[in-house]
Structures are given as C-alpha cells and as structure tokens.
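Note sheet for the following structure.
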Amino acid sequence: MYSEGFAILSSACAVLLATQNYSSLLGTASAKASAAGNPKYLAFRNNWLAVHLLNMMGDWLQGPYMYALYRHYGYSVGQIAQLYVCGFLSSAIFGTLIGSLADNYGRKRLCLTFAVIYSLSCATMLSPNFAILLFGRLLGGISTSLVYSAFESWMVSEHNNLKFPSQDLSSTFGVATFANGFVAIVAGMVANWAVDSYGLTAPFMISAGHFIVAAAVVQTTWKENYGTSGATSEKKGAKKAADNKGMFGPLMKGFHLVSTNSLIFITGMTQSLFEGSMYTFVFMWSVALEAITTGADDKLPYGVIFSSFMVSIMLGSQCFSMLKQNNWSPDAILVLLLGVAFTSFALMAAFTANATILFWAFNLFEFTCGMYFPTMGILRSQSIPEEVRTSVSNIFRIPLNLIVVVVLLQISKLPLEIVFSICAGLIGTALVLRGFIGVSKKQQ
C-alpha cells in the first residue's frame, strides 16, 4: 500500500508540474512579468534559496536518526522525552531572547551565529553523556528559533530595500516550500547512506558541514540589515539599538504589538495552533501506524512513508502557486487549508484502526503544510512591522513550543483518538480566529 501510495503521489506531482507553466511556480501573473524581466531579482531569490535549502538540508539530515542515536546510547523513552522537552523549552525562552537581538544588532550577524550554535549542537551528538546531550538540545532549540525567523527576516527586509514588487514574495516562498520537499527526500537518502557507511553520528557531522557552507555564502554575499527600512550599516544599526531603548527593546515592543494589534495577535496564534498540531503529528504518525502493524514481517517502510509526505508537501506548494496565480488572497488560502487540515485530523481521530485511511489522511495534512508555509510567510511579511520582524516571529513560537511541550509530557497517557481530536480542536480554533480577521476587515 505505501509504495503504491508514493507512486500515485509522485505521478500526480509530476503531472501537475509538467502541466504548470513556469509562471505558476513564480506566483501571480504580475509576479511573472516582474521576475522574468528582472535578473537582479532572480539572482537575489536564488542566493537566499541556496542558503535556506542548505540549512533545511542540514536540519532534515538529523531528524530520522536523533531518536535512534539516543536509544543507541542506552537512554529510556522517558529520558529521551526530557531531551526533546529541553529543546522546545530552550526555543521558547532562549531562542526568543537571542532571536530578538537580530532586529537591533543585525540579521546577517544572527544568521552567522546560527551556524555556530547549530554546528556545536551537532558536535554534542558525538558524546553519550546525558548532560552534554542536554546542552546540545538547548543549543538546538535556540537554533530552531533562528532558522525560522532570522533568515526570513533578512530576506523580506532586503527584498523591500531593493524595492522588488511585494507580490514577488509569493515566488520566493512558494519555490522555497516546493524545493524543501525535494531536499527532505534527498536528505533522508543521504542520512541512510551515512548511517550504513559510518554509523549513527555521521548524519550530524554532515549536517554541520551544510551549516558551515551556508554561513560562508552568507558571509561573502549578504549585506547586513537591521529592524528598520534601509538600515544596512553598522552606524544605522547602532542608532536603531539606541532608539529601541536597550538590548531587548524590539522584544518589548514586539510583545506590546502582539498584545494590542488584533491582526498580529491572530496571525501569531494561527501559526502557533497550526504548527503545534504539526509537531504533534510529527511525533504521532509513526506511533499510530505501528499500533496497527503486527508481526515481524509487517515492518513499516518509514523511508517510503516519509517520502510520500514530502511529495504531498510539494503538491501543496504547487496548489498554493496555482491559487495565487488565480488571484486568491493569502487569507482565503489560509482558511481553505485550515478547513482541509481540520478534516484530515478528524479522519485520523475517527479511523485510528484503518491503516489505509490513516495513510491518506496523513498525506492530506502534509498537503496542507505545503500550502501553509508560503501562505504564512506572506501574511507575516504583510502584518509584522519591519523594525520588530524577527522579535515578533520568535514571540509567535512561544505558545507553539509550549503546546508541544504539554503534548510531549502527556502523550503516553492519551489514546490516539484523543491526541488527533486535540489537534483537530487546535486547527478548528485557528479557523475561528481567522473568521475574526474577516469580520474586522469588513468593518473597516
């Protein structure tokens, strides 16, 4: 079933890609004209994509074997859960604090810091010592916050500084999501080869190499930018730091904006609720399939299943590009994908004993993830002020990480149906919140 499913999804992706002209991947029709006629924009986009995909490759390389390496070192499931919880708490607390520094002291500088921190996190995996591994997860949590905030903030700010049309962001986010699915499949193959050839620590060393290469590209090709339009020099950055009244001035301003601006608040809560469900899904899909797979001859083909998920993400990103080409607004796309995601979790909750329905429900949710990432990237770029972009992006991740921590601590006590129902409830809440955005805009 799983191999056939992968073949069907791959065929659908290939057909859709073949029938789509290149303008679909670039986004809207106006974006097509802009990008196709502007080599400077394409060079900028491709440079950022190279860094982004190197970082994503490094991140994906670790995923399949982190748990396996901890088990290899002899740690119990409870101890491993503590390591994961440490990472998420670190992301919520230290990642938010450190990430906010980008708005005052430079996004490029924080991107380079990310490479150092995440490479050190990879190096800790060479040791079986629990304290060192715990320190590694602390570093990993900080790195996760930076990779999902500082790099995007740099790109959006530089995009605006270079005065590229705002609709071209659809191209950048859409292509990034599509390519990320392909990179994830390649990363799984590379990680599998590395483990077979050199052992369980090999993927983490290769991962660190990708971060170092990405940092070299950043160092040699990126300009510095700060949390203000046009601020690209050390002098302007220092002035901005003074204007923001201290090291964590942008963070305090970000909290104020989130608490007083309903659009920013609902955008952040939507992100936290969707991604909280997504990370819960990441922990639960294998548990759910293992629970209904019996016998030594029924070993799950994890690689095939994971590859199916990534192809579904690629399909979702293609759907996003098609909808944008047909003038769908990001708000409308978000409501659509939230509705589909809610349906997928409802199916998971109702059919936990049916492997076939579970598999396709899982892929349906991954499809919505492919639509979600470029859509949310656009919504963040539209709603978050430039001077606190990185700070607010990291504030959004605080409730997300807390949701995941609570789920991790309770996951062994809850039946699968309840876990998936909780995820459906989180998505449903996000859908209701987006309704308030529509009402607010109509009133305005």
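Any Cβ shown, glycine's included, is placed from N, Cα and C.
A TrEMBL annotation is a machine prediction, not a hand-curated record.
Listed by sequence, the residues of this chain that lie at least six past the ends of the transmembrane segment (80-98) yet keep a Cβ under 8 A from its Cβ atoms are 67, 70-71, 110, 113, 133-134, 137-146, 248, 251, 394-395, 397-398, 400-402, 404-405, 408-409. According to TrEMBL, the feature transmembrane segment maps to 80-98 (among others).
The transmembrane segment feature in TrEMBL is assigned to 110-126 (among others). Within the same chain, residues 51, 55, 58, 62, 66, 69, 98-99, 101-102, 132-133, 135-137, 139-140, 142-143, 146-147, 150-151, 154, 201, 204-205, 207-208, 211-212, 214-215, 218-219, 222, 390 sit at least 6 positions outside the transmembrane segment (110-126) and bring their C-beta atoms closer than 8 Å to a C-beta of that stretch.
Residues annotated as transmembrane segment in TrEMBL: 172-194 (among others).
Per TrEMBL, the feature transmembrane segment maps to 263-288 (among others).
As annotated by TrEMBL, transmembrane segment applies to 300-320 (among others). Panel annotation: around the transmembrane segment (300-320), residues 2-3, 5-6, 9-10, 12-13, 16-17, 20, 24-25, 64, 174, 177-178, 180-182, 184-185, 188-189, 192, 285-286, 289-290, 293, 333, 337, 359, 362-364, 366-375 of the same chain, lying at least six beyond its termini, place a Cβ under 8 Å from a Cβ of the stretch.
As annotated by TrEMBL, transmembrane segment applies to 332-351 (among others).
Through the fold, the transmembrane segment (357-374) approaches residues 1-2, 5, 9, 170, 173-174, 176-178, 180-181, 274, 278, 281, 285, 288-289, 292, 305, 308-310, 312-320, 323, 333-334, 336-338, 340-341, 343-345, 347-348, 351 of its own chain, all at least 6 residues removed from its boundaries and within a Cβ separation under 8 Å. Residues or ranges marked as transmembrane segment in TrEMBL: 357-374 (among others).
Same-chain residues lying 6+ beyond the ends of the transmembrane segment (395-412) with a Cβ under 8 Å from its Cβ atoms: 77, 81, 84-85, 88-89, 91-92, 95-96, 141, 145, 148-149, 251, 254-255, 258, 267-269, 271-273, 275-276, 279-280, 283-284, 419, 422, 426. Look at TrEMBL and you will find 395-412 (among others) tagged as transmembrane segment.
If you look up TrEMBL, you'll see 418-437 (among others) marked as transmembrane segment.
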